[in-house]
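I have placed the structure first, in the form of structure tokens, so that the comments after it can refer back to it.
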Amino acid sequence: MYQGHMQGKGSRAADKAVAMVMKEIPREESAEEKPLLTMTSQLVNEQQESRPLLSPSIDDFLCETKSEAIAKPVTSNTAVLTTGLDLLDLSEPVSQTQTKAKKSESSSKSSSLKKKADGSDLISADAEQRAQALRGPETSSLDLDIQTQLEKWDDVKFHGDRTSKGHLMAERKSCSSRAGSKELLWSSEHRSQPELSTGKSALNSESASELELVAPAQARLTKEHRWGSALLSRNHSLEEEFERAKAAVESDTEFWDKMQAEWEEMARRNWISENQEAQNQVTVSASEKGYYFHTENPFKDWPGAFEEGLKRLKEGDLPVTILFMEAAILQDPGNAEAWQFLGITQAENENEQAAIVALQRCLELQPNNLKALMALAVSYTNTSHQQDACEALKNWIKQNPKYKYLVKNKKGSPGLTRRMSKSPVDSSVLEGVKDLYLEAAHQNGDMIDPDLQTGLGVLFHLSGEFNRAIDAFNAALTVRPEDYSLWNRLGATLANGDRSEEAVEAYTRALEIQPGFIRSRYNLGISCINLGAYREAVSNFLTALSLQRKSRNQQQVPHPAISGNIWAALRIALSLMDQPELFQAANLGDLDVLLRAFNLDP
């Protein structure tokens, strides 16, 4: 039934981790196989893989590129692959037409210069080279191994020393247009005076051509600025989306922190404030001490409410038993036995606070009530009130006719008196009470007192000696094998001793004897969580809540007597199952939705 126990403890920490689901983005290439589109696809994918899936997919970028039929400018988010790559010529064929027009215009100007320069071959070559220099800014080179300007100048000088003037002109034509300014200087040094005057007119024509190129360059800069603004806007929106996702993850982390705090609070189960003055005041009423009666109890005028309550307790109907006991107390506030059974039933119904108040009131009315003293010691232990638990167990010895002489004999011992008079909780106080119980057990010899063994088991539980506590409870069970409360205490000790598998067996035995034992059902769910059987844990918690509600509905009780820590444990189990929609139902207290989800009868 609890097949998940092998990985239980190891999986609890892993279940609390916040996982982010990532999705691989498919890479697509342009159908036209343009270099620009291919490069843009690669760059966007590289950028996409560097952060979570929070930005638009690569398809969005490709669609925009195809629709605009232009290339995206190189921005800070885009890597430059080569220094000689001009993206504009790859996507705008219009610029080639403009270049040809400017080339023809420059050629016509060059021909006019030839007529004015007496047909000199050198001037013709120089004018043609200047026309190439004008076309240089509008032309891109895909060559990655371009010579530097200084190397080209050295090449020109080297060939000039060894070859004729005609060979010099041919070599200069093979150089890149990027050396235009230096070539103009070289021409001016080797020309005659008429050639220089002709060169001035050529420079004037070059200035005019540059002015004609300013407008297209500014238009291109404006378009690039617009593209850059669009990309910056996109990046800004992506940053906002990332911040929203980050906030969602942080809220998810807060959820797990809240679950951890709730788990620790449930483990402490320390909801009772220590009020020593209220404990010593016998004349204080029950309502003033914190017990809250059901305001609309349908049995408040029921004749023989106490006897009817005992009958319902044997049947295992704990919520209705509580109502009958409250009715009996309202009819007779001094009925100590009714307070006793009310406290014991509240503890079995997983309401420790009300149990402690009722048992305290019982002992105020009847200080020698041994059952109330033992039940109060167990409730104090469950709420981590060790000093109060030790005092209750000591009072059990003092009020017991069989063992009270042990306390009188120990009064002559200064060491015991000093240890028992200390108010702070320390090991000496616990050891002093434990010595009393061990001596009482030794006095009994082979005879086993189940109540004494129960008290000894509680003391060993308080000191963390779980194996010895288990032995004490097992000894008590040899005398009372049908005592479901003893089976439950044995299961709790086994669970605290890291023996959850055996604890499940003890709880199961307690529920076989008393199916309506809600505390044992709750403890069984906690052991299932420790074993990693989260679904079984949820089933047990829902069964306990359903039992509480069923009794309330049958008797038409308007105010539910449902334990809050059962709901807290249920939320923890649902969170470990990774069921957010069911966890939300638990937060809303929607028991019907949860029962249907786990196929349980309402």
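Residue 1 is the first one shown; counting continues down the chain.
Each Cβ is built from the backbone N, Cα and C atoms, and glycine gets one as well.
Record features (Swiss-Prot):
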REGION    94-140  region 'Disordered'
REGION    167-206  region 'Disordered'
MOD_RES   S181  phosphoserine
MOD_RES   S229  phosphoserine
MOD_RES   S233  phosphoserine
MOD_RES   S237  phosphoserine
REPEAT    302-335  repeat 'TPR 1'
REPEAT    336-369  repeat 'TPR 2'
REPEAT    371-403  repeat 'TPR 3'
MOD_RES   S421  phosphoserine
MOD_RES   S423  phosphoserine
REPEAT    450-483  repeat 'TPR 4'
REPEAT    485-517  repeat 'TPR 5'
REPEAT    519-551  repeat 'TPR 6'
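Per-class residue totals from DSSP over the repeat 'TPR 6' (519-551), listed helix then strand then coil: 31 helix, 0 strand, 2 coil. For the repeat 'TPR 4' (450-483), the most Cβ-contacting stretch among 302-335, 336-369, 371-403, 519-551 is 371-403 (pairs under 8 Å).
Summarising model confidence by region, the repeat 'TPR 2' (336-369) averages a pLDDT of 95.
According to DSSP, the secondary structure content of the repeat 'TPR 3' (371-403) in residues is 26 helix, 0 strand, 7 coil.
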